[in-house]
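A.B. asks: The Ca(2+) 1 binding site annotation in Swiss-Prot covers D245, N247, D285, D340. Look at Swiss-Prot and you will find N398, D400, N403, D404, G449, D451 tagged as Ca(2+) 2 binding site, backed by similarity to another entry. The substrate binding site annotation in Swiss-Prot covers H524, R626, H733, D734, D793, R797 and rests on similarity to another entry. Per Swiss-Prot, the feature site 'Transition state stabilizer' maps to D734; the stated evidence is similarity to another entry. Annotation source Swiss-Prot lists domain 'Fibronectin type-III 2' at 1159-1255, citing sequence analysis. Annotation source Swiss-Prot lists domain 'CBM20' at 1250-1357.
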Amino acid sequence: MFKRRTLGFLLSFLLIYTAVFGSMPVQFAKAETDTAPAIANVVGDFQSKIGDSDWNINSDKTVMTYKGNGFYEFTTPVALPAGDYEYKVALNHSWEGGGVPSQGNLSLHLDSDSVVTFYYNYNTSSVTDSTKYTPIPEEKLPRIVGTIQSAIGAGDDWKPETSTAIMRDYKFNNVYEYTANVPKGYYEFKVTLGPSWDINYGLNGEQNGPNIPLNVAYDTKITFYYDSVSHNIWTDYNPPLTGPDNNIYYDDLKHDTHDPFFRSPFGAIKTGDTVTLRIQAKNHDLESAKISYWDDIKKTRTEVPMYKIGQSPDGQYEYWEVKLSFDYPTRIWYYFILKDGTKTAYYGDNDEQLGGVGKATDTVNKDFELTVYDKNLDTPDWMKGAVMYQIFPDRFYNGDPLNDRLKEYSRGFDPVEYHDDWYDLPDNPNDKDKPGYTGDGIWNNDFFGGDLQGINDKLDYLKNLGISVIYLNPIFQSPSNHRYDTTDYTKIDELLGDLDTFKTLMKEAHARGIKVILDGVFNHTSDDSIYFDRYGKYLDNELGAYQAWKQGDQSKSPYGDWYEIKPDGTYEGWWGFDSLPVIRQINGSEYNVKSWADFIINNPNAISKYWLNPDGDKDAGADGWRLDVANEIAHDFWVHFRAAINTVKPNAPMIAELWGDASLDLLGDSFNSVMNYLFRNAVIDFILDKQFDDGNVVHNPIDAAKLDQRLMSIYERYPLPVFYSTMNLLGSHDTMRILTVFGYNSANENQNSQEAKDLAVKRLKLAAILQMGYPGMPSIYYGDEAGQSGGKDPDNRRTFSWGREDKDLQDFFKKVVNIRNENQVLKTGDLETLYANGDVYAFGRRIINGKDVFGNSYPDSVAIVVINKGEAKSVQIDTTKFVRDGVAFTDALSGKTYTVRDGQIVVEVVALDGAILISDPGQNLTAPQPITDLKAVSGNGQVDLSWSAVDRAVSYNIYRSTVKGGLYEKIASNVTQITYIDTDVTNGLKYVYSVTAVDSDGNESALSNEVEAYPAFSIGWAGNMNQVDTHVIGVNNPVEVYAEIWAEGLTDKPGQGENMIAQLGYRYIGDGGQDATRNKVEGVEINKDWTWVDARYVGDSGNNDKYMAKFVPDMVGTWEYIMRFSSNQGQDWTYTKGPDGKTDEAKQFIVVPSNDVEPPTALGLQQPGIESSRVTLNWSLSTDNVAIYGYEIYKSLSETGPFVKIATVADTVYNYVDTDVVNGKVYYYKVVAVDTSFNRTASNIVKATPDIIPIKVIFNVTVPDYTPDDGANIAGNFHDAFWNPSAHQMTKTGPNTYSITLTLNEGTQLEYKYARGSWDKVEKGEYGEEIANRKITVVNQGSNTMVVNDTVQRWRDLPIYIYSPKDNTTVDANTNEIEIKGNTYKGAKVTINDESFVQQENGVFTKVVPLEYGVNTTKIHVEPSGDKNNELTKDITITVIREEPVQEKEPTPTPESEPAPMPEPQPTPTPEPQPSAIMAL
C-alpha cells in the first residue's frame, strides 16, 4: 500500500515550488489541436432580456465559448430578471436534429435577478446551467494517481503534480470520468483533487483512505469514475467470467461476415466447399451456442451445435465455431442461438441486412445470408471486366433514312408520330396541358429514325471510346418506340432494319472485338401482335389468340394457350397494362405451356437460340441476352432457357433485370449476371449527398463507410464470376439520366445553369472513376458520356446529341474507360477496401504472384482507386496488409506519382475528384512460395518452431495467435534462420503459429500451414482422492470428490497453479443388487459412459493443489469416479493414482434409495400439432407424495426407441419447444416426471412430423395520432400484390393502431412499407426523410404464427399537421388569444406568423397567438433546416374569427313620481283651416 509522504517533505516541496515557480498559475489549457467541433449558441425566451430576439438561432450574442474537450460555456452579460424561462442549444445556427436536447426545452427558474452561466458538452449532448450545477474549478479537477500512471502514460507513479489523467464531468451530473487503455496487470490508485495530496480519496470514497486495487486480466479500455458528491470511485472494467451467470453480454458478441476470421471463405461459396462460421463472446460467457439456418431450396430449418475453439490473445473473448458444407446450390439464411444458464440470446444480421457486423437481440430478428452456387457456374472471360454500352436503337443514330417512315400505325390503329428534327425532345403526354406542347398525347408512338445501320455506322466511335459490349434495347417488331411490346419475335422491326442489317451489324461488331447483348421480353407480348391480335390486323396470318376467343374458340389459334382470356374478354396485363398481355403459367411455370416453350426454348430454331446463331452463322448472331422482368417469370422457365442457349454458346450471358438482391437467381442454373441497380443506388447516395427522388427510388445521403458496407454486401452475396460480370450501371432506359440525377437538365430552366452543369459533370466523373475501377462490367447508357441529360421516362430517351456533345466529358470517359481496358488489374484483380471514412472511399485491386482472382496468369499489378466527394484533402491509406513498402504508383488520371512508405500511401485528392493509382511496371510484386511444413514442439516456458527454407526468401516473419484462422500478431520479423524459439509464452495456454517468407524486395508470402503448441509445466503426480461412502439418492444430496495434483514449479507456489484444468469423471456401473426400476425410463438406454465436469481449486495441501467437484447420482446402484488433470489445455491428462503412486485408480461407491420410493403420478402428453421447423410439446402436471423435481424430455426416431434425453425443465413448466428438427421427418417423444428422489414416471408416447406450414404473420402498426381516417395498408413484395400501396388494407384496432394477418411461407424474405392507399401517402422517417424498406424473415414463433410490431413515424403527405384550432373556427369576443397546436418532423424550421420556435421531441408544438376582433389569419410555414425539399415544405393558413363585442343600448331614464297637476279649464279654440301634412315622428 502506498504511504503518504511526511508533512515536512510536503512543506519543503511547497517552499521550493513557490520559490521556483512563484506566481505562475497552474493552467489546464485545451490542446492546440482541440478545435471547436461546431458553433453552439444558447437560444430561448431569455434572449430579449439581453438585447436580442427570443429563439434567435442566428444570434451572435449568445454564441458559447469553446473550452476544449467538447465543453462550451456562455454567461449572460447582464442579470436576467427573476422569472421562468426555456432554452436549448442550437448547432451551427440551425435546428437540424431539433437542437440540444432534442427532447423538449430546458427550464430555467430565477427567484431573483441573476447572471446565468450555461454549460454544454458536444460529445455527450448534455446541457445545464448555473442554477442547477456548479463545476469543480479547473485547478481542482480530480485526477488519477497511483501505480497505474506510468502504465497509461499519465505521468510518474504516485505523483499528482504530474498526472495527466484529469477527470471531467461530461454529463454535468457531478460524476467525473477519465478513459484510458490499460495494459494487463495489477495496479493501485487513488483520486486527488488538484495537483497535490491535500484532498484525496481512496477505497469506498474515504478521504485519505486505502489505495484502490485494480487487477486487469487483459489489455482493455477502462473508464474511471469519481462522484464529487459521495466521493465514490469506480470503473467500468468487467473482470473475466468464471462460469454461467444467466446473463449474456451483448456488447461483446460479434460476427462479421466481411471479416474472414468470422466467416471463411469470404462471400458466396461453391457447392462442396466448406464455410467456417465463428461468433465471439465475452470469455466464459456462453454455456452453449448453435447456428440455426433456413435453406431456401429445401425449405427447411436446421440447428447445428457450435464448439468453443479458444480465446483471444488477451483473454477477453471466447470463440465458437461451426463448419457447414452443401453439395447443392441454395441460399442459406442463418442466425446464432446463444445460451448461458437461463438466458438465451439471438445474434443475426444488422437492421438493414447488409452483412458485416450483426446485432444481438432477445428474440429472432434478422438473418445473415450465405449463397451456395454451382461450382460449374461461370461467365465468358470476355465478360469479366468488359465495358458495356447500352443503346436505345431509335434514339442513337439514323443510318438509313429510307426506313424512317415504314410504319402506318403504332398500337392498334393509333397514328405514328414521326419527328423531323433529330434534336426534338421525346413526346411526353404528361406535358400535354403545358404551353407549347406539340405532341399527339399518345404514349410511345413517336419515332426519330435511329436504326441498326446507325449503330453500325458508329461502331468505330464506340471502339474508340473503349466499348467491348453493346447492349441493345429490344429490336424485334413492335408497335412502340421502346419495343417491350413484341409483335413478332422472328423479325427485326422495319424501322430498325432487317435480318441482313442485323447480321452485318453483328459481324462488324465482332470484327472490332465488340460483343452484343439482345433484350429478351418473354413475360408478355403486345396486344397488337401476331400472337394476340387484339385489333384484327393480322387475319391474313395464323389466327391470333384474341381473335380466336372472339370467334368463341381460343384453341383455334396456334397461340391460344399462351394467354388466359376470361369470358368477358379481359386478361392479365403486365402491371395492369392491357397493351401487354401476360404469358400464362401452367402449374406455376410458363415452360409448361408447351407451344410457348417450344417456340422460345425447345425448337431447333427457337427464339432463344436463333438470334445467337441465325441460319447457323454464330458470327452473325448476338452473344447473349438481357432478360426483362426476370423475377416475374417462373425460374423453371429460365433453367430451360439456359440449357437451350448453352447448346449454341456455352455460358452465354443471361443478364437478369432485377432491382434488388438477385442472389437466389444466380445459383448457377440460369442467370450469370444482373443489372446492378444496387450498385447504382449506393453510388448515387454517396456522391449526390442529399435526399432526391429520381422516380424509381428516393436517394438518401450516406458516407463512405456505408457505401462500402452496401457494396461489400453485393460482393459477399453474388458468386465470384457473377460479381465480376455484373452490369454496373449508373443509368438505363428505366431511370432518370445520371447527369440529371446529379443536378443538370438542359431542358429544365431550373436545372440548366452552367453552375448546375459544372457540378453535375464533376459528380458524374467521380462516379465514372468508381465505376471503371470497380469489379464488374461497367455500363454506359448511350449519351451519358457526351453530357446527355433527361428526366423520367420518356425524357430519359432523348436522341444522342451528335454534333452537340460535351467534348471534355467525352474525352474524360474515353480516358477512364481506356485506363480500365489497358490495366487487367482493374478487370480481374482482387478487391480490398483500404479506406472508407467520411467523404473519401478507397479500394485496392491486385494481381500478384502472377495470378488474378480466378487463377488466370497475368503480369503482377496493383491499383488503388480513390474518390472524394468532399473538399480537397490529404488521405493516409494503410497498405500494411495490401502491398509492400517501396512500390511506386502513378495516377493514371493526373500523372502524379506516389510511393508506399512505412505501410501507407498518402494521396492528395482535390474536391469532387478521384485518382486511379497504377503500380509502375517492372516492379517485383511476386512473393516467395508459402511454407508448407512448419512444425512446433512445446516445452516448459517455450515453443520451438522449425521449417524448410523457401526459394528467394531472405528472411521470415513469425506470427502467433490463440485460435486457428486469424487474430494473428507478428511477434518476430527479419528472422534469417529456419528455426525460432518463442519464450514469451505462458504455460498452460494454447498458441497457434504461422510463418511467412520475405524476399529481398519485401514481398511477403501467404501464411504457412498453421501449427498448435501448448507450453506447459510437467505434471508429476495426482492422487489423494477421497473415498465416497454409501450415498442416499436425492436431488439435494450431491457427492463431493477431492483430489490433489503436484507439478514442480506450478503447484509448489502459494495459491492455484495457473491454467491447470481439473475434471471429475463419473459413470454408472450397474444396479449392484439395488432395485433401480423406479429410476429407469422404458426405451432409454442407461448411459454408462464417463461424464466429465470441471473441478475447482479449494486450497493448497503442502506442495500440492487441492481440487473438488460435485455431482448428483440419479440412479441407485454402483457408481465409479476418478479425477484427472491437464496443464496443457487437455492435450494430455494425468489421472489420480492409487497407493503405489503409479497406477490410475478409479473408485466406486453405492447409491441406495431414500425413504421415498413412491414414483410420481402419471402425466398425459398431448398430441402436438403440425408446425414448421419445430415441435411444441404440452403435458398435464404430475404430482408426488413428496415433491416433483422436474420433467425430462426424451426424443427418438423410432416408437420403440432408443429415446435420448434432450432437455430437463422445472417442476412448474408444462411445455417444451423442440427446434432441433427437420421438416418432413418423423419424431417420437415422451416426457418423464421426476421427483426429488429420482423416481420417474413416463408419459405416453406421441408422434410428431414437423412440416412446411404457412405462417400467419400478424402485422401490428402504431401510427401517428394525427393520422386521417383513410386507413392504413401494407405494401411490399407480396406475390399477390407486388408493391401495391392500396392492397392489403389493415383493420383499425385502436385509436392509433392497425393490424392485418397475412399467410406467408416460412423463410420468406419480405420487404414492405406502410402507406395509406397511395405512394403519395407512404410512411416517412421522424425527420421526414425517406426510409429503407422494412425487412423480415418469416419464422415460426410458435403455433405457426409470427407477430411483427412496427411504428410509423410520419406520413409523406403530412409534413405538418394542426390539431387545433380547425380552420374557420369562431371564438367569442372574450377570447383574446388562441393556442396553435400542431405536429411536424424533427429538425423542421417552423414559423407561425413569421416567428420561429422549436417543436418537442415527439414533433408536437404549441404557440399562443393574439386575436383581434374579426377575422384573424394565422400563417404557418414549415421547411427543412438543411437542403430545401419541396415535399417537406408546406404552408398552412388557419382562419379564426373572433366575434365583435355586443353594443348595449342606453336605458330610458324613469322620472321620479310626482302628483299630476289638475289643469285649469280652458275654452276650446276653433282651428283655422290647414293643408294636409304628414307628421314627422
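The first residue you see is number 1, and the count goes up from there.
Just so it is clear, glycine is given a Cβ too, placed from its N, Cα and C backbone atoms.
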A.B. asks: For the domain 'Fibronectin type-III 2' (1159-1255), report the average pLDDT of the model, please.
C.D. replies: 94
A.B. asks: Minimum Cβ neighbour count within 10 Å among the binding-site residues H524, R626, H733, R797: which residue?
C.D. replies: H733
A.B. asks: Cβ within 8 Å of the Ca(2+) 1 site's Cβ centroid: which residues qualify beyond D245, N247, D285, D340?
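C.D. replies: Neighbours within 8 Å of the Cβ centroid, excluding D245, N247, D285, D340: L241, P244, N246, I248, Y249, K282, L286, E287, G341, K343.
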A.B. asks: Going by C-alpha positions, which of the binding-site residues (N247, D285, H524, H733, D793) is nearest N398 (Ca(2+) 2 binding site)?
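C.D. replies: In terms of Cα distance, N398 (Ca(2+) 2 binding site) lies closest to H733.
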A.B. asks: How would DSSP class H524 (substrate binding site) in three states?
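C.D. replies: In three-state terms, H524 (substrate binding site) counts as strand.
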A.B. asks: In Å, rounded, how far does the Cα of D404 (Ca(2+) 2 binding site) sit from the Cα of R797 (substrate binding site)?
C.D. replies: 18
A.B. asks: Please state whether DSSP places N398 (Ca(2+) 2 binding site) in a helix, a strand or coil.
C.D. replies: coil
A.B. asks: Which one is it, among the binding-site residues D245, D400, N403, G449, that lies nearest to R797 (substrate binding site) by Cα separation?
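C.D. replies: Of the binding-site residues D245, D400, N403, G449, G449 has its Cα closest to that of R797 (substrate binding site).
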A.B. asks: What are the helix, strand and coil residue counts for the domain 'CBM20' (1250-1357) according to DSSP?
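C.D. replies: Its residues fall into 3 helix, 50 strand, 55 coil.
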A.B. asks: For a quick check of understanding: among the binding-site residues D245, D285, D451, D734, D793, which residue's Cβ has the most other Cβ atoms within 10 Å?
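C.D. replies: For the binding-site residues D245, D285, D451, D734, D793, the Cβ with the most other Cβ atoms within 10 Å is D451.
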A.B. asks: Whole-number Å distance between the CA of D451 (Ca(2+) 2 binding site) and the CA of H524 (substrate binding site)?
C.D. replies: 24
A.B. asks: What does the structure give for the C-alpha distance between D793 (substrate binding site) and G449 (Ca(2+) 2 binding site)? Integer Å is fine.
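C.D. replies: The Cα atom of D793 (substrate binding site) is 19 Å away from the Cα atom of G449 (Ca(2+) 2 binding site).
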A.B. asks: When you average the Cβ positions of N398, D400, N403, D404, G449, D451 for the Ca(2+) 2 site, which other residues in that chain have a Cβ within 8 Å of that mean position?
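C.D. replies: Result: G399, P401, L402, G450, Q453, G454, L495, L496.
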A.B. asks: Report, in whole Å, the straight Cα-to-Cα distance of H733 (substrate binding site) from D285 (Ca(2+) 1 binding site).
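C.D. replies: Computed Cα spacing between D285 (Ca(2+) 1 binding site) and H733 (substrate binding site) is 55 Å.
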